[in-house]
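Scroll down for the structure; my scribbles are underneath it.
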Amino acid sequence: MQKAIEKTKDVSAQKVWEGTQKVKPTIYFKLYKQDDNQNTTPVDKAEIKKLEDGTTKVTWSNLPENDKNGKTIKYLVKEVNAQGEDTTPEGYTKNENGLVVTNTEKPIETTSISGEKVWDDKDNQDGKRPEKVSVNLLANGEKVETVDVTSETNWKYEFKDLPKYDEGKKIEYTVTEDHVKDYTTDINGTTITNKYTPGETSATVTKNWDDNNNQDGKRPTEIKVELYQDGKATGKNGNIK
């Protein structure tokens, strides 16, 4: 008895992109078959297909047309990641309808970035603190905006109405600061700390006596002096002999 020849066919799936983004993210298609009870199972012989650079159609070849009972197999496709797990591109919604998957761009989501400037300079005791500093906003490492930060804003800053995604991928925002003379800079998230270390110096004290060379023998053998800074006692004492 001659064995019946299994009928095969090619199955194509289509990707539809709706939105204004020109560059499309890479996605993958996984082929399934559906039974009469609407249950779906992966097609064993069908490899996961990669769609990149805006590819909108993929095809699986030589797939069975009928099941073992002679019924026509209903194929459908799902959008997955490289590991075959269900996924939806960031910034898009997804609609799977048979062999067509439609991704629709979400309305542009925005975010804001705020931070503050911290001065570690003993309340500007040496008068080195500038009147303003320039803080830069970077999107994925590229400078996109600059703002001047001053005491009038309590040394706080904010960047508003920033796009949250670029071509479907979340944007990473960071901040930098233009160089501040005489200060070192430390950035922790959006908090920028500038530190100034006052230079050290020494003070030499000379005592002059106007007593005709101690003619009456009243001059003490030793006197005590105390160091003041900006009119305030420092607590540092010394003796002059």
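Cβ atoms here come from the backbone N, Cα and C positions, even for glycine.
Here is what TrEMBL records for this protein:
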- 197-215: compositional bias 'Polar residues' (COMPBIAS)
- 216-229: compositional bias 'Basic and acidic residues' (COMPBIAS)
- 11-104: domain 'CNA-B' (DOMAIN)
- 113-195: domain 'CNA-B' (DOMAIN)
- 204-237: domain 'CNA-B' (DOMAIN)
- 197-241: region 'Disordered' (REGION)
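Within the chain, the compositional bias 'Basic and acidic residues' (216-229) has long-range Cβ neighbours (under 8 A, six or more residues past its boundaries) at 203, 205, 207, 209, 235-241. Look at the domain 'CNA-B' (204-237): DSSP puts its residues at 0 helix, 13 strand, 21 coil. In this chain, the domain 'CNA-B' (11-104) touches the domain 'CNA-B' (113-195); three or more CB pairs sit within less than 8 A of each other, excluding pairs fewer than 6 residues apart. For the domain 'CNA-B' (204-237), the model gives a mean pLDDT of 82. Across the domain 'CNA-B' (113-195), DSSP assigns 3 helix, 52 strand, 28 coil.
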